[in-house]
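Chemist: In case it's useful when we look at the structure, here is the feature table from Swiss-Prot:
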TOPO_DOM  1-99  topological domain 'Cytoplasmic'
TRANSMEM  100-120  transmembrane segment
TOPO_DOM  121-922  topological domain 'Vacuolar'
CARBOHYD  135  N-linked glycosylation site
CARBOHYD  200  N-linked glycosylation site
CARBOHYD  351  N-linked glycosylation site
CARBOHYD  574  N-linked glycosylation site
ACT_SITE  756  active site, charge relay system
CARBOHYD  815  N-linked glycosylation site
ACT_SITE  833  active site, charge relay system
ACT_SITE  866  active site, charge relay system
CARBOHYD  902  N-linked glycosylation site
């Protein structure tokens, strides 16, 4: 799911979005919410004090004039009340009467002045957060507080160098591709990792491009991306890149000759036409590319372009994925695979003719870049995308092959494979001698087959089949991490094979299959730890596999190696420390870029692997700027722990405000994502929105990786299938109850928030909870009914709606009565969200309207996609989250049942002052 692949694949976004320790102030909890029974004078004074405290706050929205909790509405105050004489009583003495009248007028004058000051100094109900002096911890200040701008900008982002390891043309290991670094020579270079430390030596360094610009026929080409050929003689250049969806883009492509430092169009006959994808042959003699959904071949020996397909168009795609395959299967823009010998190309043919379209409207922008027709300037631009929702027709995909020598396309029939309407192709892996492995699943992603195809004989067969639903009730995640292991009799490998991730004893483990058609593997890893996106590297000479595991604790990541026979399991990183690493390996796995991601300040270094006879180490990033900032700022402290719910040990992260005082009462915000296989509780360093909430606003932030999330076992993972939201919401609520019972938690101020799947989980949790534990919720870009989400993702975890209608009904956000029992909730969505359509939010609003539910706020972001970043929207969404949360915990959203007009003198004075203020501001 969207920004969520990052989570499910252990990436940064989160999010999106992805994706420290200790502070100086606590939460804003100085307001007294019991003032409804206080006297008018105390109420006014209290309100003025709070107004003074709020002075300088920016106005965010209209004031709610029905917010009367500072007033005693049971008492009517009128000027005549002071002159009331009981019947039959003695006339009042004149001097006493004068004194009383004087006191009355002084009181009225004071009250009127107080109201005027209140109106002119206070601000709207929608407030910007500030810190109360009452909440400064007794421990004193430990440093500056971070701002929202700090966490939304790049000040706290670790610097991260991306090294592109490059296989040497002559088998060299440890070569890397670098672009325009400090003190470098040339825009694009290939360098030997060992010799580059010697700045006086040019050994092992090849300059491929001196500059990032060149001229072709009078046109200046500016490089957007570059891909050197395997022989390092030519560079494939992309210019004028234009983003399409999350991973796909178009642009102009060029061939740049390294010797002459000159360029030419990839297709000289169509220089200005935009291309969707281009990739090198392993022999460096040709480039295959897709344009207008058709495939073409350019051999470097000729300027002519060979047409491979010609019937591609709106409904038929060749070599590139459609929207749903790009998003949910490949997480990329390519569906083209070169054979190692350069004689064949495998590619997907995608038929979308039966897939329904969904319209994306753009009200402000025109992403097409085209001017509207005359008279249509005031109409929104509409882009129709082929988007298969759950239960709708899927694109039909076929694997086809192109024989370059014969110039023909062919397919290979495989007996007993899935039929067209029940087939997903999720990985294609070339082996040797014309063999290719194809990983397929059924539509619901719970039966896996591996087919072996021989393109030389044009035959194929199924070599492995696994029923995951029967095994543990789970599903198959699409991955592209399988590694081919070629035969090498001199190294005790008589047959070809491959290394894959399999389910073993309830965990994801590595397995070695050899020969290719052997369905019974050798299990390489065992035990409590689970492998993550592995294998990461393979050393064919030494017979070693390198991989990353979620270590002794699920929030850790460590790097290990093991031999092909399953022996000599060794850690590469220091497993005695609770840390989070990731790694990338050189082509021969003799060197590695080791990334320490946390919990301390991240660093990067290039190392030789333990099996390398020539030890090497070079630190390339220490993030000293973050070390300096940590000495100046106060950040939250983090507490990692487990909470047992229904027999499952769930990872929990509690962020505590700096100078945490266990004798105080803190509001609590739960932050979650919670999607299947995802992880949010980890030991990566990060200063994000949650850090701001804990460190600057002074609230406790709790994150729970509940059932269905990753790296806590398949039993927990598979349990959620067919009923998304049920167990996950229960876990959030049960953990929240435990936190509400803690002596340092204010149980009357608890909120929950999330984005995308986390938005769905926010609404599901407050729906299930019905206001008993969580009073507030904030949902960004939420799914509200899985029938509205794309078929491949939704059906993987929910089956089809036809197969599981009750599950879809139960998972949908539909209990409006329960939502009405919360104090208030917030929903935000981008109108141009191509991933989680705004249809989700709009249909929920319709349900709320029909049920007369109004305890919510909505913010819609015009033309923003799932990331919500168009026209300042990224900053606005987090500002709104922060301000709304502060108002919630300040009690600004407390409901008033059956509000009635208040026509008292003081309300009239307040109204008059407000009108006066409005008149003069205008």
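Using N, Cα and C of the backbone, Cβ positions are placed for all residues, glycine too.
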Chemist: Per residue, counting other C-beta atoms within 10 angstroms of the C-beta, which of the recorded positions 351, 574, 756, 815 reaches the highest number?
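Modeler: Per the Cβ count, the most surrounded site is 756.
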Chemist: Out of the recorded positions listed (351, 574, 756, 815), which are within 10 Å of residue 833 (active site, charge relay system), Cα to Cα?
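Modeler: The recorded positions passing the 10 Å Cα test: none.
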Chemist: What's the CA-CA gap between residue 866 (active site, charge relay system) and residue 756 (active site, charge relay system) in angstrom, rounded?
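Modeler: Distance (Cα to Cα, whole Å): 8 Å.
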Chemist: Closest to residue 815 (N-linked glycosylation site): which of the recorded positions 351, 574, 756, going by Cα position?
Modeler: 756
Chemist: Return the count of C-beta atoms lying within 10 angstroms of the C-beta of residue 833 (active site, charge relay system), excluding that atom itself.
Modeler: 22
Chemist: Roughly how many Å lie between the Cα atoms of residue 574 (N-linked glycosylation site) and residue 351 (N-linked glycosylation site), rounded to a whole value?
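Modeler: Distance (Cα to Cα, whole Å): 50 Å.
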Chemist: Return only the integer: C-alpha distance in Å from residue 351 (N-linked glycosylation site) to residue 756 (active site, charge relay system).
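Modeler: Given the Cα positions, residue 351 (N-linked glycosylation site) is 29 Å from residue 756 (active site, charge relay system).
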Chemist: By a simple count, how many Cβ atoms lie within 10 Å of the Cβ of residue 866 (active site, charge relay system), its own Cβ left out?
Modeler: 26
Chemist: Does DSSP give residue 574 (N-linked glycosylation site) helix, strand or coil?
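Modeler: Coil, per DSSP.
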Chemist: What three-state class does DSSP give residue 351 (N-linked glycosylation site)?
Modeler: strand
Chemist: Give the helix, strand or coil assignment DSSP yields for residue 866 (active site, charge relay system).
Modeler: coil
